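Over in TrEMBL, the protein carries these features:
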- S95: active site, phosphoserine intermediate (ACT_SITE)
- D45, H146, T148, E293: Mg(2+) binding site (BINDING)
- D45, D298, H302, D340, H341, H454: Zn(2+) binding site (BINDING)
- 1-23: signal peptide (SIGNAL)
Amino acid sequence: ERARMILCLSLWIVLALSVSTIAFYITTMSLERSHSRNVIMMVSDGLGPASQTYGRTFYQYKNKDKLLEDELTSLDRMLVGTSRTQSSDSLISDSAASATAFACALKSYNGAIGVDPTGNPCGTILEAAKNLGMLTGLVVTSRITHATPAAFSAHVVDRDMQADIAAQQIGDYSLMRQLDLMLGGGRCFFLPNTTQGSCRTDGRDLIKEAQELHGWKYVMENRSDWETLLAKDKKLPLPAMGLFHLDNMNYEIDRSHQKAEVQEPSLYEMTKVALRTLKGQAASNQGFFLMIEGSRIDMGAHNNDPVSHVHEILEYHRAVKVVKDFVNNNPDTLVISTSDHETGGFTLGFQDDPDTYPDYLWNPEVIDRAQASTEFLTRQLYDYNTQAGKTPTQKEREQFVTTQILDQGLGITDPTPAEIAFLANKDVDYLKALPFLGHAISRRANLGWTTMGHTGVDVNLYSTGDGYTRFLGNHENTEIGEVMSDYLKVDLAYITRKLQKNPFDWFKRKEGLFTTRRSRHQKYGN
């Protein structure tokens, strides 16, 4: 009898302690979540330290009558450290591996989208935030299925599986819909292959599926749709997606060349509306996770185009200012801004003649005269040479190149005979014409490039708001994901276990199962 009483008392004590522990845990978590916490992750794709200096210096030149020489940009005021960018299989990372490092807090191979080095799906900070009941969003100027947004919102073994990425982004995978808002380009991967402009190889209509099967309320395709939805209270109804271009959105400098009915919102505008929408529709203790990418900073650098590159940098600075203004009014927000890698091996200063003493000059007025990106102008050249029913003469081609492309397009009034001859050739290689134009204006501005790809240098790390001191110093890019997880008090491993529990119904491991293999590099004329 005595032994029975001791056993019962022991069980009662264990039960009481367990209940107390659970109650304490619930109370603690409730206190921790009694107010919202927001995380805004900003990615300046391909922006290295030299490019940031370039953007600041050009901004100072453009505003020389209003600014002091030591005027800082919105980004400069957030500088706290640097980030190492290497992937699990290369010193030189691509965007997919870097974004996976941010999203999953682990290193993976180049091309990996939300998967670990063995090709298994890993839980992302966006999915963990959604599991916590937070609102989530993506704002980009690339295709929404491009490497960086994809790594936060999908899981595929190769970045080129964009048709599969699109399906997961609308909610067609094991965790179901995880996004409340996504704004960017890439509509072609959501359209059935029976539709003009589709990039899919199957007949799936993901826009229709998103609305009928996964709860998406609104889909915007142009500025008119955008302004109609914003007209009522300046916020978007959720869940909503804006797919403003079949492919990547236009460069900032080229948006003015669009017809009014199809003009796209800028990164600044999308950022402003996304913050207003997520904040306005989140419950008092809900909070949100938002990833914002200045995607086309990188693409201009890939083209060695200093014109589009600098205007994308300045637009990113505008978006940063919007975010900082938001943080001033919402202090329980952590903001991080960094780059996935540097692109172009960009240099401020260029000397290509070893026999002459360098001038140590740069000429910002050269860049200021340009009116379009080299990508836009290369497309214009292609369209002129291939217009239906007409074959321009050599003299007509030379006149078009001299006037439309070089003078009116890039502001180059002193073209060399060799430059005109190359661009006016009836058999010009447009893929070579693209960097040719970039180098022509770069030389005149005394700017240099060492590659059309990425480099392995450390990139700047910026942060502000609640908890920014965690980023002081030099860090692996995986630490960015770790800090975001700690700040939101989420468990990425728990999401990973959920993803890997029954992956075979939705996760494709082998390259042979790809539903699309679209080239990463646009080819003119194809």
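Placed from the backbone N, Cα and C atoms, the Cβ positions cover glycine too.
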Statement: Spatial neighbours of D298 (Zn(2+) binding site) among the binding-site residues D45, H146, T148, using Cα within 10 Å, are D45
- prompt: For the Zn(2+) site given as D45, D298, H302, D340, H341, H454, which other residues of the same chain have their Cβ within 8 Å of the site's Cβ centre?
  reply: G46, D94, S95, I297, A301, S339, E342, T343
Which same-chain residues, if any, lie at least 6 apart from H146 (Mg(2+) binding site) yet have Cβ under 8 Å of it: S95, V140, R159, Q162, G184, G186, N248, S295
Cβ atoms near H341 (Zn(2+) binding site) (within 10 Å, other residues, all chains): 27
Pairwise CA distance, T148 (Mg(2+) binding site) versus H302 (Zn(2+) binding site), rounded so that it is a whole Å: 16
H341 (Zn(2+) binding site) to E293 (Mg(2+) binding site) - Cα separation in whole Å: 13
Query: Taking just the CA atoms, what is the gap between H454 (Zn(2+) binding site) and D45 (Mg(2+) binding site) in Å?
result: 11
- request: Determine, to the nearest whole angstrom, how far the Cα atom of H302 (Zn(2+) binding site) is from the Cα atom of D45 (Mg(2+) binding site).
  value: 11
- prompt: Which one of the recorded positions (S95, T148) has its C-beta surrounded by the most other C-beta atoms within 10 angstroms?
  reply: S95
- prompt: Could you state the CA-to-CA distance between D340 (Zn(2+) binding site) and E293 (Mg(2+) binding site) to the nearest Å?
  reply: 10
- request: Give the sequence-ordered list of residues that share a chain with D45 (Mg(2+) binding site), lie 6 or more positions from it, and have CB atoms under 8 Å from its CB.
  value: S95, S142, T148, E293, G294, S295, R296, I297, D298, M299, S339, D340, T343
